């Protein structure tokens, strides 16, 4: 089914929180009076000054917002924002409905066909601090959600930034038109949400371009101080490479659904960086396996697999009702599969990783129940898979070297069936005859 997304940006969300409204909400949800008065005392008689050119202005009162930098500020805003959403969508049934059941094996889809034990879950908003994204299956449903949210923001004293709020449609034929008041929101093909790039074509290519670009920028910035510094040991350089470059390159990679050609692209970038650090050029004819051995690091295939499986273990151990677990163990409540080969799913990639690490997918829940043993099994399995890939690479290279080479160049014998009917010229192939006949002039022979 199509997916419509609204990425909402609030103008100075933490600074515009109504304090009287916040304290009233704390009282409504049952906050103890002593704690509530303590929170109120933190915000009483707040004042601020502006410093410019070494001079400070006269103090002025600050009557709205939570304290910037206070450890309580994110929690207070989270309470305020969650109650705003509850007020806005209390009577709405728009969103994405899933059927989920987590008491069986992840890869056994028959568990979702049962009439009992299957829960229906509504995924409507995705939140982090003051960032929010609303989801719906239809354009009309998303418009209703946006309208309700805008009305609630007006009631609670928050302001939506119309210029920074964007709309995206995935698997849709025409761009959606969503309006707040008299303003039509901008429709985008790519959007950076919480550091990750989301594309309307459901591809990770845009995200990989951003990740590789940022990692390459980090490599360039550290060239003079780290990579070309003779005073630093190779071990130190590799630690810096892992902390500054690999962490940038693989941000959010635990949830990536990568095709093989995309993993090869990441591995090529990884190997190019390692050869740069080790001073190895292509003229030295050093294999990737030898480069990894000198660097003491794993290939990108092993790193991605290990990250995915460790995150998979975290999700499997989560309590029922957590959004990541409901999504992983669920499927859309309504919809039909399109014709043709289905797109690669996250579960397919995880299953591929499990098999490559000699872990039975049917025993996933039992294997992930203990965190330390699961991490050890994943580490061992990834190492064995890496060794297996190296053996297969050597076998392919050996077969290629043992392949007999022709001593003389093959001669092409013209065939009478490949003769041009206009000029009588004999061609060596059908495609050659076709190409010749298109430009052949009957007057010349």
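Easy rule for this one: first residue shown is 1, then count along the chain.
Glycine is treated like the rest: Cβ placed from N, Cα and C.
Nobody curates TrEMBL annotations by hand; they come from automatic prediction.
The model shown is predicted, which means the values in this text are computed figures rather than measured ones.
Over in TrEMBL, the protein carries these features:
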- 384-393: compositional bias 'Basic and acidic residues' (COMPBIAS)
- 394-403: compositional bias 'Basic residues' (COMPBIAS)
- 1-198: domain 'Reverse transcriptase' (DOMAIN)
- 368-414: region 'Disordered' (REGION)
Averaged pLDDT score, the domain 'Reverse transcriptase' (1-198): 88
Contact set, same chain, for the compositional bias 'Basic and acidic residues' (384-393): CB under 8 Å, 6 or more residues outside the stretch: 289, 298-299, 301-302, 305, 356-358
DSSP residue counts for the compositional bias 'Basic and acidic residues' (384-393), split into helix, strand and coil: 10 helix, 0 strand, 0 coil
